[in-house]
Amino acid sequence: MLDVNFFDELRIGLASADDIRNWSFGEVKKPETINYRTLKPEKDGLFCEKIFGPTRDWECYCGKYKRVRFKGIICERCGVEVTRAKVRRERMGHIELAAPVTHIWYFKGVPSRLGYLLDLAPKDLEKIIYFAAYVITAVDDELRHNELSTLEAEMEVEKKAVADQRDADLEARAQKLEADLAELEAEGAKSDVRRKVRDGGEREMRQLRDRSQRELDRLDEIWTTFTKLAPKQLIVDEVLYRELVDRYGEYFTGAMGAEAVQKLIQNFDLDAEAENLRETIRSGKGQKKLRALKRLKVVAAFQNSTNSPGGMVLDAVPVIPPELRPMVQLDGGRFATSDLNDLYRRVINRNNRLKRLIDLGAPEIIVNNEKRMLQESVDALFDNGRRGRPVTGPGNRPLKSLSDLLKGKQGRFRQNLLGKRVDYSGRSVIVVGPQLKLHQCGLPKLMALELFKPFVMKRLVDLNHAQNIKSAKRMVERQRAQVWDVLEEVIAEHPVLLNRAPTLHRLGIQAFEPQLVEGKAIQLHPLVCEAFNADFDGDQMAVHLPLSAEAQAEARILMLSSNNILSPASGRPLAMPRLDMVTGLYFLTTEIPGDIGAHAPAGKDQPEVGVYSSPAEAIMAMDRGALSVRAPIRVRLTQQRPPAEVEAELFENGWQPGDAWVAETTLGRVLFNELLPHGYPFVNKQMHKKVQSAIINDLAERFPMIVVAQTVDKLKDAGFHWATRSGVTVSMADVLVPPQKAEILDRYEKEAERIEKQYQRGALNQQERRDALVKIWQEATDEVGKALEEHYPADNPITLLPKSGATGNMTQVRNLAGMKGLVTNPKGEYIPRPIKSSFREGLTVLEYFINTHGARKGLADTALRTADSGYLTRRLVDVSQDVIVREHDCGTERGINVVIAEKQTGPDGKATLIRDAHIETSAYARTLAADAVDADGNVLVERGHDLGDPAIEKLLAAGVTTVKVRSVLTCTTGTGVCAMCYGRSMATGKLVDIGEAAGIVAAQSIGEPGTQLTMRTFHQGGVGDDITGGLPRVTELFEARVPKGKAPIADVTGRVRLEEGERFYKITIVPDDGGEEVVYDKLSKRQRLRVFKHEDGSERPLADGDHVEVGQQLMEGAADPHEVLRVMGPRQVQVHLVNEVQEVYRSQGVSIHDKHIEVIVRQMLRRVTIIDSGATEFLPGSLTERAEFESENRRVVAEGGEPAAGRPVLMGITKASLATDSWLSAASFQETTRVLTDAAINCRSDKLNGLKENVIIGKLIPAGTGINRYRNISVQPTEEARAAAYTIPSYEDQYYSPDFGSNTGAAVPLDDYGYSDYR
């Protein structure tokens, strides 16, 4: 078998008949499969052992040779080679066809490659192939030209003979008529009898004339057809063709069926045709030029490759190995077989019948019919259902052909090559394991025993608990006592991988150290639930076991959960306290003035209370019941660093780091701060979820990951402990309805009645009434919400949950205790009657009914969203899978400018710097492309420095507003990106490693939150067209589609002339440079004019006489990215796409770094359309990689030629995926047959650069530790190491002392030996 590690590229091409015969181990001659009595394969049949190899290892068919000692012998009786049975998986056979057939992919695919090659319309080609028309394959023009006059004379003679014969016949008939009439007259016959005879005679004469005219017309048609006869001409009329063959057979040849196509291909001159087509492209216009371009693609493909076009017509059909189309016996003696066997049987049956008919010399019509049936059966074998009705099996089910085996989700590519089942794995329900450390998981004993079975068995033998592996296996299966001790030893420090489906991003698989637990459920650490998106309502997880030392090392170093605290999408921590833990820490750090033991200053009669010399003393007081954990106290601290603002004051008073200081805080906060690492400033705040998140964020920036992991573990333990101690419970008594609710609703009800009256009087129309009511009831709902918040006491547990950030929000509390408010109908519009009841009071029947619309839509949306989001992720992964960090620095000077702050002038005229809201996702974690300097030109941060939070703060403090940073958009690495342009890896907080699969991480980061995005297109008040939002908008942007209701953009800078019609606007821009006016016609008024800031600082819609800049949007809506590219160029379209995608995600509160979106956008803009090919090899109109385009142009210019001209093109992600260089990757994505057809014709070679290609062929992927840079490392010893390994003694060494020993590697002193014995 082929070893995948020994080849570097994979080429696909067309196989000739000789290739097929060379692959084959014998011809399949019979349609038989297995003998139903002996259950052995039939000789020369589809499962024949002689062709495909023995069914049993080392045993021939007749049983003469058995056992391995006869290896390689071919049995003289049955002809079977004695070898392993597994050769039946790789040996192919073939069927020798009695007549050639065309390959359906090349004839029926769109576009028809055969049609383009031969310049025949697919309809005509079909007529030829399926025996409905003859085609002229060759014409001897010279001979015809030379003999044309002779032939014409002959034809004229024949025509004259026909005419003479006609005249003679007519003359004779006329005479006979005269004689008959004369006779009748003599007999005195009546006039009507005479008339009848005359009519009869004239009719016969007319028929004679018609017959001879038809004969003359036929001769004319034959002659005309013959004189105009040209190759590739179709003749549908069989009689005409036969006549032509009989008369002029020596001047031309013609045929029908695949034989005709084969002859046409054999006579085809590729070079001459290519030259003609190039000439047509140079001089032609319109459709003619387009068709020539398309044809040239196919012709050039054959011209530039080793392929012969003859491969599209088959003389032999390969038969795939029998083990790949098995036949198995079921209970009850029936057989289940692969559909392919049925399809092969049809081909063999028809082929054998055709051979017999040809041998018998059957009439041509019968033979042609059989040939057509053979063609159809081969079509069905290759691609059933592509032409005509599919061949069906039992129960009218279409049979699965070879193409169907490759296509779709169940096809070979996606089902078996890109996703395989894995051994050493298990799955079980998950339960929470709060006692675990962050890097641990609980593994059920029985599952661990099964997973680690081989390891346990080996260890049992090593420790002499068992004599051999067999007895060790028995011990494990019987679960002897020693087994458990050995299992404990074996699993120590052997990480396992846990995976929860769906694995939406890379944190869906993480490594943990297993801890054995009782029961059958896997225990999961509560902090990793966020990354897995797991909860404990019945979720299941799979466990996988890394076996080799390398796999274990990768799992431990790269995948251990404590090393994956940060989100790869935003670089912010994911392993953060949630839910109960947040509640516990919030409770712990709350301050309640006047609680038990609270600090009180010294009075007249009483000493100062609530002052403690150390945290230990305060804890003792709490244990005694003299102090509440939430009471404000003063306590002397030595271990913790004071907060920054306190520290500044203390320094002024002569305090030194390490001295004690007094904090005014609560015991809870002191306990909380003891959980934080040493040296972290004291946090004297109530711990809302956001504050906790900011602290962990800060820890991740400042401390090593191991410290962060230990800290979040401590926070988890404290959170659970204090959540339990807090006793937060929720009951009906806690749901308090605000007493002002009735009064508020009455007030707004009167307001609504007023609107109704105005509507009744006709003062308002339907839409205005609706809008007014919606506004009124929204205000009412908000007011009830406010009243509710004021009414709830601070210690109410229901409001504690949203306030602490643990779960829920105040809207849900409002629904529970206030009022539900307005709901939408199925169209997504507000129903103007609100739901006035709260869930506590209960809804009326009508309220309940209208509420169900929204609830049902929500569920339907979620289901649709999940599928759409998954598909989007799949396309994103496919387009970006070969973006891998290939080198440290590409050396480019280019970069992009990013705004980090904006200058704003206040009312007092002072300029203040406002930090940019999106700094987290734009400038953060990037590398500087140029020195960042302040106003005086001092360098603040040097080029090549990483922009972390401290560096950004420094720049903001110095008043810097814009920085130039490196970006993947400007990276010049050939394939993939360089580490400096990519910047910091969001998941590790350090510069990205070489080998990181940046593209896949980007795709996952964008796809994973996809499910959270909304589906619906929302109505904006009064706008007729819906504005697309949510997931459909992201898809629309990445697919580079023209948006729905697109807004025009200004092509030039100039003044606007606005004309308003009844339903449309007409905008004309008069350019500043005096160029031609640009007119935008028929702009719907429903779309509204764009509102923007004008020169005078006001914000208003576009008006007549306004000045617009190039690229400015003129109407509301979304701009077309293709227009932006055309008008503004590639850089602006990149900015546009990144901002528009971020707009959608930000609206849902999802944080994704710009660099991920940039990776995808870079892939969309990778190609160039060739406008003029110059002296290059490119075809005009073809798409090519920008890097290839530039390198080819450099080569041509160096040789003194004309470079090609091209323009950048924006491709949607699906199109870009299919246009990838790797045919394996494209075929496994979509449109498998089309991609393979194209790749085979072009004889495409796959360099195996991406990830999918390598997964498919089973090689290590060229990313991470599989990248060549790491695989090709060899150890070079240093000089010191070499000296230590190979010591050469000097003469002073003790080796030359009298006790000189052997085997020291020293020189032998020959003079000390006597040689007398040897002489």
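Every residue gets a Cβ built from N, Cα and C, even glycine.
Feature annotations, courtesy of Swiss-Prot:
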- Cys60, Cys62, Cys75, Cys78: Zn(2+) 1 binding site (BINDING)
- Asp535, Asp537, Asp539: Mg(2+) binding site (BINDING)
- Cys890, Cys971, Cys978, Cys981: Zn(2+) 2 binding site (BINDING)
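Positions of Swiss-Prot features highlighted on the structure.
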| residue | record | DSSP class |
| --- | --- | --- |
| Cys62 | Zn(2+) 1 binding site | coil |
| Cys75 | Zn(2+) 1 binding site | coil |
| Asp535 | Mg(2+) binding site | coil |
| Cys890 | Zn(2+) 2 binding site | coil |
| Cys971 | Zn(2+) 2 binding site | coil |
| Cys978 | Zn(2+) 2 binding site | strand |
Original post:
Which residues, in sequence order, are found in the same chain with Cβ within 8 Å of the centroid defined by the Cβ atoms of Cys60, Cys62, Cys75, Cys78 at the Zn(2+) 1 site, excluding those residues themselves?
Top reply: Tyr61, Gly63, Lys64, Tyr65, Glu76, Arg77, Gly79, Val80
Original post:
What is the separation, in Å, between the Cα atoms of Asp535 (Mg(2+) binding site) and Cys981 (Zn(2+) 2 binding site)?
Top reply: 38
Original post:
Any idea what the Cα distance is from Cys978 (Zn(2+) 2 binding site) over to Cys78 (Zn(2+) 1 binding site), rounded to a whole Å?
Top reply: 63
Subject >> When distances run from the Cα of Asp539 (Mg(2+) binding site) to each of the binding-site residues Cys60, Cys75, Cys971, Cys981, the nearest one >> reply: Cys981
Original post:
Using a 10 Å radius around each Cβ and counting other Cβ atoms from all shown chains, which of the binding-site residues Cys62, Cys890, Cys971 yields the largest count?
Top reply: Cys971
Original post:
When neighbour density is defined as the number of other C-beta atoms within 10 angstroms of a residue's C-beta, which of the binding-site residues Cys60, Cys75, Cys78, Cys978, Cys981 has the lowest density?
Top reply: Cys78
Subject >> Rounded Cα separation (Å) that holds between Cys78 (Zn(2+) 1 binding site) and Cys890 (Zn(2+) 2 binding site) >> reply: 65
Subject >> Integer Cα-Cα distance in angstrom, Cys981 (Zn(2+) 2 binding site) to Cys60 (Zn(2+) 1 binding site) >> reply: 64
Subject >> Residue among binding-site residues Asp537, Asp539 with least C-beta crowding, 10 angstrom cut-off >> reply: Asp537
**OP:** Compute the C-alpha separation of Cys75 (Zn(2+) 1 binding site) from Asp537 (Mg(2+) binding site), stating it in Å without decimals.
**Re:** 64
**OP:** Rounded to the nearest Å, what's the C-alpha distance separating Cys60 (Zn(2+) 1 binding site) and Asp537 (Mg(2+) binding site)? Just drop the number here, would you?
**Re:** 58
Subject >> Between Cys890 (Zn(2+) 2 binding site) and Cys62 (Zn(2+) 1 binding site): CA-CA distance (Å) >> reply: 67
Subject >> Other residues, Cβ within 8 Å of Cys890, Cys971, Cys978, Cys981 Cβ centroid (Zn(2+) 2 site) >> reply: Glu887, Asp889, Thr892, Arg966, Val968, Thr970, Thr972, Thr973, Val977, Ala979, Met980, Tyr982
**OP:** Around the Cβ of Asp535 (Mg(2+) binding site), how many other Cβ atoms lie within 10 Å? Please give the count over every shown protein chain.
**Re:** 11
Subject >> Rounded distance in angstrom between the Cα atoms of Asp537 (Mg(2+) binding site) and Cys890 (Zn(2+) 2 binding site) >> reply: 49
